Every structure is written in structure tokens, then in C-alpha cells.
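Now, the feature entries from TrEMBL:
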DOMAIN    10-135  domain 'Glycosyltransferase 2-like'
TRANSMEM  230-252  transmembrane segment
DOMAIN    232-354  domain 'GtrA/DPMS transmembrane'
TRANSMEM  258-281  transmembrane segment
TRANSMEM  293-316  transmembrane segment
TRANSMEM  328-348  transmembrane segment
Amino acid sequence: MRKVSEQIGILIPALDPDQRLIDLLQQLIATGEFSQRIVVVDDGSQSQTIFNVIGRTMQRDVTVLHHARNEGKGAALKTGFSYFIRQQQDLVGIATLDADGQHTVSDLQNCVHQFELHPQDMVLGCRAFAKDIPLRSRFGNTLTNALVRALTHLPITDTQTGLRVIPISYAQASLAFADQRYAFEFDMLLQAKAHHVGIVQQPIQTIYLDNNAGSHFRVLRDSLAIYARFFKFAFSGFISFLIDIGIFALLIHTFSSASLASVMTATVSARLVSAIANYLINHHLVFAGKGEAALIKYVALMVVQMLLSATCTHLIGAAATAIGHQTLVLTGIKMVVDFLLFIVSYQIQKRWVFNQRGAD
């Protein structure tokens, strides 16, 4: 029976690499475990010197794929995934490493061992971030870790690690993800649960050479790209919230009643208007969903959310309107209820309404 390590492809995206990539490849080949299953993707490097060396000295063990121009780390990973899926159909997983010397072969082997124990899960090689770690790396990970935890409830300690072992089925599914740059790796964490892929964390060494000068991660631009989808969703939610609350408050003031019929009428009227705006923004800007299936799911979610909002607002409001101005009290209660529903709605839209896999 073949060892799991003999069914793992090694994928290394590289942009303007140096001698450290050569050293890493030599160490991988020396193990005898990964020969002829190593792929390096040149993501539009300016110099071909390192790749020429690889071609001359490692042609039997290493395949080099080239992008004519820089397309981003996500695009490079997709190119490698596609190659393995087409050319080596006996693989059970793909291990990704960075080309800048941050990952060791021993750490890779430990991650592969974890994958052997959890073949349906994605294994992350997680670093420990002490105070002596470069500020931009510590800053980026802290922000991303907090956001991933908020969105997925997973306590991932190193969301930006490039050392991962990915089930081949999830690698194939990720080809449909829209992101092309560093945000692609972030998206793989956010989408994992929706694709029934667990997360396993394996501690690895924390290695930064020359204050992480070899990294091509642009703190401001790439961080904004990573967080863009959630920010867009929050923005669309805020615009819809203003429309919804404004119409609701106006109608409640007009009705001068806290009855279930009044609250329900105000909620339905306000939600119909705000939902149109929310769907159009999320459909085109946030999730890039398409087709009638997404619309039907969205309407179903909207109806349930609307009924919950009206019912909860009425029940709480019935007990609370005696303490203050009816319109202000009911509007305040609705704001709290809708904020909680907003958090739940984001997860449902991401995993079900606009899920790309479900649309294929």
C-alpha cells in the first residue's frame, strides 16, 4: 500500500525567487518521498535565472509552469491545482509551500502526517507569533485571525500560512473561487465549512529571513483585498439598514400602534424596498452570485428573516412600549433584532444563497 506522502503533490508558487527556492527543492528531492510530484509556478518573474537552474538540474523531479505576467498568488495556486488534477489523478492531496525559505521539509512532513490522520480536512502549518516577528506579518495575521474567527467561529492561529495540505477534492472546488491574489487563501478558509472540509492545525517553526524581505505580501493593498468582501457585505447591509429602519419608523409613526398587524405591515413594506437594494448589491458586488436559483434562495431567506424581525420586534415591543415613546422604542428594538439577524444572514448567504459550488 502506498504511503500518503507518495500521493501528495507539492506546489510552490514563486515570484522572483532566489537561492532559497533551489535549497528547498533540493531538500524535498533528497527525502525521496516527493520526486516527480513537485510543481513550481512562476508567477511572471522578471528574471528566469532560478528557473533555468531548476530546468537544468532538476528536470526529472520538478515541473515548472509559467505565467506570462504576474497574476497573483491565488492564480498561481489555481494553475498548480489544475495541473495536478489533469496530470496526476492518483493524488489524494496537494501541499503548498512558500518559495522564500519560511517552510522546512520537516514541518511539511509533520503536516502530511496530520493529513494522513485527517484525509478529509485541510491541514494548516501554523506559526507562533512572538514579539520579535516582523510587524507587518504580526499585524496582518492578527487582523485576519480576528476576522476569520468572527465569520467562521474557528480559532485559527495562523490564517496567512502558506504551508497547507489540501484534499484534492477541495483543491478542485476552489478553482471556482473568484479571488486571484492573496485573498484566495483567505477565501479557502472561509469556504471550507461550506464544502464540508475541516481545519487541522499543526505547529511549525516560525522562520523569517531578512525581516521577511522576500515576501511579496503588500500589507495595505493585499489586506484590503482580503477583507473587501466582508466590508462590501457590511456596506450593503448598512445601506439596506438605513432604508429599512427609515421606512419602518415612518410607518409606525403613521399607524400610531404597536399591534402585531401594524408592526408586520411596517416590517414587510420596509423590507421589500430594502431587500431589492440589498439583493442587487450582494448579487453583483459581494458574492458574484447569478441565476434564478440564487434569487429564489434569497427571497426565501428574506421572508424568514422578515417574519422573525416582525415577530421579535412585536413581542419585545409589547412589553417595552410603556417605558417610552412608541416609535423610538419599537425602532430601537428592531435595530437590535435586525443586527443579530444580519450576522446570521451573512453566513447563510455566503454558504447557501450565493454559494458558487451550489450554482455549478
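Positions of Cβ are set from backbone N, Cα and C atoms, glycine also.
Helix, strand and coil content of the domain 'Glycosyltransferase 2-like' (10-135), in residues and according to DSSP, is 51 helix, 26 strand, 49 coil. Taken as a whole, the domain 'Glycosyltransferase 2-like' (10-135) shows an average pLDDT of 93 in this prediction.
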